[in-house]
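Per TrEMBL, domain 'ABC transmembrane type-1' is recorded for A:66-274. What TrEMBL records for A:12-37, A:72-92, A:104-126, A:149-174, A:210-233, A:253-278 is transmembrane segment.
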């Protein structure tokens, strides 16, 4: 029996499958089930009712909040792509020593292994009313009164997103760029392409898989976020994640579950579209 | 060596700004955590002192920081060991291209991209329905694995895609059993990557927030404790805590990187005697 690769395969994958079954599939199935339940002020009642969805789709708030979520995702995606691509390009094509390359790459990735919460908190002395940004601008004579929109605004939310998630772009793009055959770039130069033409017609097309993987990371992280928006906007802005977490804190689990199901479908549709452009298994 | 182009200097400046953007805020709170006892949350510095660090080590300090730290440490180690073992087994399994491996692969990707709050909510609901009490070491542990395992497995896939199978064949030709091949050939070759997996397992768990939020029960992990502090603590003590735990993270990351580097050196020294004959 053990000679059969399917049997040994499943035996070796058993712990993984059990964990994913118990903590990924089962929770999602529960959420889907509960999203059809009803809630009173004191308890939740098993039922099959479309009430939660009817309320969700009948409310203006839902559309506004989803729109806000897409807005955060789109702006942050554009910024992280621009910054991430530039950084990866610099590391992959302008650094000649491999040791320096690894060192600089690590320098970019180390923050990923530290706490997001603390990295958010650390913007406060910078952006606050009497923070470094405002006092510097006042000292330079550029503004008379402190800017109020630096902290607890869309600006600070997006700033934090870019700060937290740019490395999710840098790493896959860098990884793809390192696999580009250098002779293709030499060939482009030999055929008279300028630096810019080589970048746009050789490097960018060959980097697309990395860009797609980075995009998947950034979009899903932002669409599912609730804590960055809550903290960086001082609870003044909303996105879908916050809608869910607010319902949870009010113990409105069926309503939270319905919103979660809609969010999950949205994320899966986005991923489904992006996966058409990249074969992840080939990129590993 | 050819001369550097102008774009090199422009990009170097851009990269330097990016690094400043990444680390600047963290360094700022590092400096501010040495505020004097009367100092506030922003500059100017009102004297320099260790007051806020001392506050952390005193009994009456806000909340149960050290308890939270011990729990996060224990949970991080649990998640780390589990992530390494399960990822290696999973990696080995996927080399066999067993029936259903494609579906399992997409499940791993789903685990990575699913909004964290769904795991938190779903696991919380299940425990609720079965009348179980959520606890960081049970529900919290499982929820965090859905975040660390995909990273561990993606690393293992990348490793095994580049793995030279002739080493295994050579081992088998010399009479090694399946277990001996794994123990004495495969594992030593992939050891540096396993340290990478361990680093992901520990640090992602140690800093995990959203998936632990509804699944840790009445005893907070450190990130939850810190987040709780942001709503009711208005002194630099929170910077002191942030600085300490960031330093701790740097220490851990540094230890892992040095270990990988040391393994590489050792391997370069002992690995091959090619060219040393005559």
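Even glycines carry a Cβ here, placed using N, Cα and C.
Predicted automatically and left uncurated, TrEMBL annotations should be read as such.
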Same-chain residues near the transmembrane segment (A:210-233), Cβ under 8 Å, at least 6 residues beyond its ends: 69, 72-73, 76-77, 80-81, 84-85, 88, 116-117, 120-121, 123, 151-154, 156-157, 159-161, 164-165, 168-177, 239-242, 244-245, 263, 266-267, 270-271, 274-275, 277-278, 280, 283
Stretch among A:12-37, A:104-126, A:149-174, A:253-278 sharing the most Cβ pairs under 8 Å with the transmembrane segment (A:72-92): A:149-174
For the transmembrane segment (A:149-174), distant same-chain residues with Cβ under 8 A (at least six beyond the ends): 72, 75-76, 79-81, 83-85, 87-89, 91-92, 105, 108-109, 111-112, 116, 119-120, 123-124, 127-129, 131, 133-134, 207, 209-211, 213-215, 217-218, 221-222, 225, 228-229, 231-234, 236-237, 283
